[in-house]
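Q: Sequence annotations record features per position, and here TrEMBL assigns transmembrane segment to 24-48, 60-79, 91-111, 131-154, 174-194, 206-225, 237-257, 312-331, 384-407, 419-441.
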Amino acid sequence: MENIDLNNKTNSTYDFEILDSFKIVIYSIIGITIFFIPISINGYVNTLIHHMALFIQERYIHLLKLYIVLMVIFGSIIPILKYDKKNNNEIVHNIITLLRPISILLVLIIFSQKEYYLHNNDSLLFIQEIILKYTIVFSLGVFFMPLITDYGLIEVTEGYFNKYTKKNLNLSGKSVLNVFVYLFVDVFTGMFMTNKLYKSGKLRQSEACIIISCFSFFSIMNSIYLADKLKIQSKAFTIIISIILSIIINSIVCRIWPLRQKKKSYFLKAKYKECNFKSNKFKKSIQRYLENKEKKKLIYCMIENFKESFNIIMTILPNLVIIIFVGEFIINNTGLVESISNILNPFIEALKLPGKSSLSEFICLGLFNGGRYVELVNNESTSITTLIMFIVLIGQTVSIITNVLYISSTDIPLKTTELIIIGLEKVFITLIVISLIYYLFIGYI
């Protein structure tokens, strides 16, 4: 009888693991299909998330605009109602909180069909497009994210890549999956995933800081669009080389200040254990997932994520509206960018890179949002100058309207000043490496 009971228990455990393994495979395949596989629909090639976002934007544009306006209103007023002067001693934080209601007026101007004398129509359309796209893609990406984070794909990715990323980038193998979200979805969704993994005790503090500052790449589709605008030859090859070069530079940046000083501790103590296996990696990764997993249904995880994204959108949108609106005006109507770019000119001149003025101005624009200003590149710029611009833009993973804006909504201990310093370090090291390659292949040594 005891043997029969033992056999029954063994069989039920085996059946349970088979069922879990089947669920892992199905959910992971669905998640990979939604997030990472580009497909063509009506002649437009992109991932399913972006196709869904485009469908929503085309069919429900008026409801979407109403939703965004309401989010801006709530996000502007609620912080003031909850404002406690005793608990908020930071001057900058207090000023931003009090200025947020201005975003209500600005978002109404952005979504109106009337001309506005401070901005041309192209600027208003750009601001409108980036706000709409951020809201839809971020909401969809966060909603479907449990498919790739909560059902074993994290552990499998870590099991296969841990050996390589630990040595070269000071990152665990699961970071590869997070970087793919940056590359195939968008920066905001990638940063949400980084923060989610950090808060759940799956990423160390140092890893979260490295990913959010060094690996928040432009998405692949945006990179292709920029390559077309800059008339880059061999787009796919150039993008791959640019990303590889950026990863090499990241391996340097993660070993110098300020990233070097970040702790290797976790946000909280969890039962999660890293997957670091030498053999049977897939099987052992699945077993590790079964040891670490939480008993939550998929729909519950999705709803929890969506609720969190709702609060983040409400927090970020007012600041995003103000920053883009004011930034567009300053860039298009003042000489501030040209003045700042003059600071970079001596450095670029010392490296003897071509297109000094165009390159320095483009780098400054990139710190705000480089993709917006591709059309401002001087038509007289040489092909080598535009190629350098493209490589710098791909590697310039810090910008004011992405991770600098988003970092305050995370639990990751990375200050805005540190983020900007890291961005500048990457730019300077990238230019030095490019100059060495330039002299090596052009023959000016």
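A Cβ is built for glycine as well, from the same backbone N, Cα and C atoms used for every other residue.
Keep in mind it's a predicted model, so treat the numbers as computed, not measured.
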Q: So, do the transmembrane segment (60-79) and the transmembrane segment (312-331) meet, by the test of 3 or more Cβ pairs under 8 Å (sequence gap 6 or more)?
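A: In this chain the transmembrane segment (60-79) contacts the transmembrane segment (312-331) - 3 or more Cβ pairs sit under 8 Å.
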Q: Counting only pairs at least 6 apart in sequence, do the transmembrane segment (312-331) and the transmembrane segment (131-154) share 3+ Cβ pairs under 8 Å?
A: yes
Q: Can you say which of 131-154, 206-225, 237-257, 384-407, 419-441 has the most Cβ pairs under 8 Å with the transmembrane segment (24-48)?
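A: By Cβ pairs under 8 Å, 131-154 leads among 131-154, 206-225, 237-257, 384-407, 419-441.
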Q: If you count Cβ pairs under 8 Å, which stretch among 131-154, 206-225, 237-257 touches the transmembrane segment (419-441) the most?
A: 237-257
